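Single-structure report; data block below.
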Amino acid sequence: MNKKTISFIGSGKMAQAIFGGMLKAGFTSHEALIASAKTAATAEMVTKKYEIKTTTDNRVAASYGDIVVLAVKPYLHTEVLNEIKESLKEDAIIVTIAAGVDISYMQEQLSMSSKIIRTMPNTPSLVGEGMTVICPNKNITEEELQYTVDLFSSFGKVEVMEERLMDAIPAISGSSPAYAFLFIEALADGGVRSGIPRETSYRLAAQSLLGAAKMVLETGKHPGILKDEVCTPGGTTIEAIATLEQLQFRGTIMAAMDNCTRKNKELQK
Ligand SMILES: NC(=O)C1=CN([C@@H]2O[C@H](COP(=O)(O)OP(=O)(O)OC[C@H]3O[C@@H](n4cnc5c(N)ncnc54)[C@H](OP(=O)(O)O)[C@@H]3O)[C@@H](O)[C@H]2O)C=CC1
Ligand SMILES: O=C(O)[C@@H]1CCC=N1
């Protein structure tokens, strides 16, 4: 069991996915964690559901952690950093999971010598299939980076990247589970339209996407080749593909990603 203490400032959907994922994986103990929330109702719910300490005082949470994860909305970072900076342990590692909050901004709020890691996780962390991109500042040692990689790897995959690429990450992995849920919903609606029961439709749609994703990761084949292998000449699949191409399925996804990245830059701090 890992000995480092970890604090979460904010206990919303993404914080719960992370501490829920870490606990499920056995990466840390319930005792090593604390989380703060704005309201007592959330704090009580989190204590009950995850059996960890909670508080509505961010300073109490911040003073506990060797690692302090900022899991509040981007616009709250200024307020929260000012609130907690005097309570942080001297060598605390500050991890932000927020879209559009950059390292130089965090350093301005704390200090140039602060240990800061910018990350972009996603909600499948809760079921051990997260994808997190990590970018450390220059004050993070190799050992500290490795610890953070191990932490996020306990509930998914991790890539360490340069900060110049971080603005593009929400569009491809932070936000993309939402597009996948939309796709699953659409497939299920199509199934229901053809008479397949709703719950069965969700299972068929979700398992097919899971299987397709695994084929990309495990066969190493180009997605276009995998697509070709499904398209029997003169068969059913190519009819569906032709419609998707006519309606600009791929262009639509790329346009959606452009908008996602634009918004991330607008949030920039
Ligand atoms: N959701 C996602 O898929 C992802 C989100 N993120 C990032 O995670 C961050 C949080 O998003 P998400 O979890 O979705 O948001 P939620 O709205 O689900 O959660 C926000 C949390 O912050 C708490 N909070 C609000 N104000 C304060 C405050 N002043 N001090 C302490 N806690 C406060 C809320 O408490 P209460 O419940 O009491 O109101 C709530 O627990 C964002 O920065 C987002 O960019 C990153 C990747 C993916
Ligand atoms: O929608 C958002 O702003 C956050 C960041 C990535 C996923 N959810």
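Numbers run from 1 along the shown chain.
Placed from the backbone N, Cα and C atoms, the Cβ positions cover glycine too.
What TrEMBL lists as domain 'Pyrroline-5-carboxylate reductase catalytic N-terminal' is 5-100. Annotated NADP(+) binding site per TrEMBL: I9, G10, S11, G12, K13, M14, A71, V72, K73, P74, in sequence order. According to TrEMBL, the NADPH binding site annotation covers N58. Sequence annotations record features per position, and here TrEMBL assigns domain 'Pyrroline-5-carboxylate reductase dimerisation' to 163-267.
When the record's NADP(+)-binding residues I9, G10, S11, G12, K13, M14, A71, V72, K73, P74 are compared pairwise by CA position, the greatest distance found is 14 Å. Put simply, I9 is the one of the binding-site residues I9, S11, K13, A71, K73 whose Cα lies nearest to the Cα of the residue listed as 'NADPH binding site'.
Among the binding-site residues S11, N58, the residue whose Cβ has the fewest other Cβ atoms within 10 Å is N58.
In the predicted model, the domain 'Pyrroline-5-carboxylate reductase dimerisation' (163-267) has a mean pLDDT of 98.
Taking all protein chains in view, 10 other C-beta atoms sit within 10 angstroms of the C-beta of K13 (NADP(+) binding site).
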